[in-house]
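J.: Okay, handing you the structure first.
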C-alpha cells in the first residue's frame, strides 16, 4: 500500500499547531506575570523563541527562528475559504488603510453627505417639520447606540474585517431603503400643470387635497429605517476599524494612520455635498416629466431635485468595497512585535487591574469587570463627555448647515450644498489630518495632547458668533409686508386686491413679484394670466403688484406682454455669504483639529485589552448625550424661529415657509457657545484627573537562542 505523504504533512501541521498553542499559553502566562510586575525584567522572554523551541522538540528537526509569534491562519488573506498566494501580497498596513478609507469615504458620502444635502428637499417634498427631520437623522445614532457595545466587545477579539465588511453591506442596504419613498410615493404635486391664478376656477377653501400632509409625512418611517440601517452598518467602522489599525501599526504611526482614516471619512461628506448638490439640479420626476413643461426652475421655492439618485449610487459602491475588506486577515504579520515595544501610557491607577492581564476581555464574563474598570478611569470618562459635546455640535451642524445657509442667505438647495461641500473638504478633512500629523510630528504624550485640545476648543468657542452674519428676510406679502400698503383683512393673507379671487390657503405656490416681494401663490398676488418665458412660468395682470416689466414672449410673436411676477426666488440683495464661509471654515478647521488628538488620548489612557471595548463605550456615551439629541435640539430651535407654517386641509402643520433670520441667528449662537464652554470644562477635568504612570510597564524582551 503506497505511503501517503499528505498524511505526514497533515500530521506534522497538526503537531506544530498544538505545540504552537502550548507556546502561546505559556507566553500569555509569562506576559501576564510580567505586566503585573512591571519593575522586573528577568521574567520576560520572547514568545516566538519558546514556540521555536517546542517546534524543534516536536519535529526532531532544527526549525528556523524567524517564525513569528502570529500564527499563519490568523495572518492570511482569505475569502470564503479561498486563500491564494497572490492575495497574501496585499496583507500590509497600507492596503488595509486604503480599503478602510474607502469604507469611511462611503459612510461619509451617504450618511453625512447625501442625507444632509437632501434634508431641506425631503422636508419640502414630504411636508415635514425640522423636529421630524431630527427624528430621521437620529435613526443613525440610535442604531449605533444599540449595536456599538455588542459589536465592539464581540468583534474586538475576533476577525474584525469580517464584521467591518458586513457593516458596509448593511449600510448599502440602508441606502436602498432610504431611496425607496421615491418609488412608493406618487409624483410630486407640481409635476402636473396646475393653474392657481385669480378666478372662480380655483379650489374652494373647504376642499381637501388627496395628498394631505399626513399621508406624505408617513414616509418618515421609511427614512428612519434607512438611517437605522446606516447606523447599524457604520457601527464597526469607528470601533473595530480604529482598533484594527492601531493593533497593526506601531504606536507612533497609529495617530497618523487613524488621522488619515478620519480625514477620508470627512472627505466623504464633502463629496456628498458636492455630488448631491448636482443631483438636486435635476428635477425629482425627470423620468416622467419635462420640467420645462411645468415652468419650474431650480431657483423656485417649490423646486424638488432628484434627491434619490445618490443613494442608489452609494448602495452599489458599498457592495464593491465590502468584498475586499472581508478578505483581510485577523492580524497583519509583525503586528504583535510592534506592540511588544510600545510604551504604555495607561492611566496610573489602571496598572494593577485585570485589564493589564493578557487575554482579558476575550470572555463575555469579563464584561462587567471591563465596564467597571473603564468607569473608574476619570480621564476616560471626561474625554468621553467632552466627545459627546463635540459630537452633538458636529452632528447638528452636519445635518442642518446646508439648510441654515439656504435660509440665512436665500440660496437654492443645490448651491447651499455646493458651498458647504467646498468648505467641508479643506476645513473638516484638513483639520482632522493636521491634528493627527501634529501628534506624530511632536510625539505628544497624553498630558500635552489634552492641553492642545483645550487651546483649540477655546478658539472654536470664539468663532460661535459667526451665525450673526446673515441676510435680512425677503419681504413676504401678508406677513412682513402689506399688500400695496393695504390693511390685511385676515390671517389668510387676504387683502382688498385679492378678496374676489377665491384663493385656497392650502395651495402654496410662491412667486416673486417685480416689487421683490414673495406672494403665497399667484392667486394671492391677484394674478389673472400665466405665460411661459424661457422655461419659466410668469404672470401678468396682477392686481396686488404695482411694479411691472414689459417683455416679448418670443421672437416669433410681435406682441409685448407686461410681466408682474415670476415663479422663482426673490433676490435678497445680500453678499454676506463669503464672509460667513470664511469664519465658518475657521470654526470647522479648529473643531476637527482636536478629533484625532482626543481619540489618541482615549486609546492611550486605557489598557491594550480594552481599546475596542473602550472605544465602543465612548461612542455609546457620545450617542446618548451627543449625536442622538443633537438633531432634536437644533431642529427645535430652528422650528422656534419659524414665523409661517404650511397647513393642510386636515389641520396638520407641514413644513415651514418663512423663518426669522435674526431670531435663528440668536438661537444658534447661544446654543453653540454654551456647548463649547461645557466642552472646555470637560477637557480641563480630563487634564487635571489624568495621572501618567511612573515607569514603562512593558517588559524588554530577552533574546534566547536555541542551540542546534
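Cβ from N, Cα, C; glycine included.
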J.: Transmembrane segment per TrEMBL: which of the ranges 334-356, 357-379, 380-402, 472-494 is that?
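T.: That would be 380-402, the stretch labelled transmembrane segment in TrEMBL.
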J.: Given 53-76, 197-220, 221-244, which one carries TrEMBL's transmembrane segment label?
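T.: So the range that TrEMBL calls transmembrane segment is 221-244.
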J.: Of the residue ranges 9-29, 30-50, 135-155, which one carries the transmembrane segment annotation in TrEMBL?
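T.: Checking TrEMBL against the ranges 9-29, 30-50, 135-155, the transmembrane segment one is 135-155.
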J.: Tell me the residue counts in helix, strand and coil for the domain 'Kazal-like' (491-546), as DSSP assigns them.
T.: 3 helix, 19 strand, 34 coil
J.: Restricting to CB pairs under 8 Å, which listed stretch, 95-115, 580-599, 620-638, is in contact most with the transmembrane segment (221-244)?
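T.: Most contacts with the transmembrane segment (221-244): 95-115.
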J.: How about the transmembrane segment (162-184) and the transmembrane segment (306-328): at least 3 CB pairs under 8 Å, pairs 6 or more apart in sequence, or not?
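T.: Contact criterion met.
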J.: Could you give the residue numbers and ranges of same-chain residues that sit at least 6 residues beyond the transmembrane segment (95-115) on either side and whose C-beta is under 8 angstroms from one of its C-beta atoms?
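T.: Distant contacts of the transmembrane segment (95-115): 137, 140, 164, 168, 171, 174-175, 178, 227, 230-231, 233-234, 237, 241, 244-245, 248, 257, 260-262, 264-273, 275-276, 310-311, 314, 317-318, 321-322, 324-325, 328, 332, 398-399, 421.
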J.: Per the definition of 3+ C-beta pairs under 8 A with sequence separation of 6 or more, do the transmembrane segment (449-469) and the transmembrane segment (135-155) touch?
T.: no
J.: Which listed range (256-276, 306-328, 620-638, 666-688) shows the maximal number of Cβ pairs under 8 Å with respect to the transmembrane segment (135-155)?
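T.: Comparing 256-276, 306-328, 620-638, 666-688: 620-638 has the most Cβ pairs near the transmembrane segment (135-155).
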J.: Quick one: mean pLDDT on the domain 'Kazal-like' (491-546)?
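T.: Mean pLDDT for the domain 'Kazal-like' (491-546): 83.
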J.: Taking the transmembrane segment (620-638) as the reference, which of 256-276, 380-402, 666-688 gives the largest number of Cβ pairs under 8 angstroms?
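T.: Top-ranked stretch among 256-276, 380-402, 666-688: 380-402.
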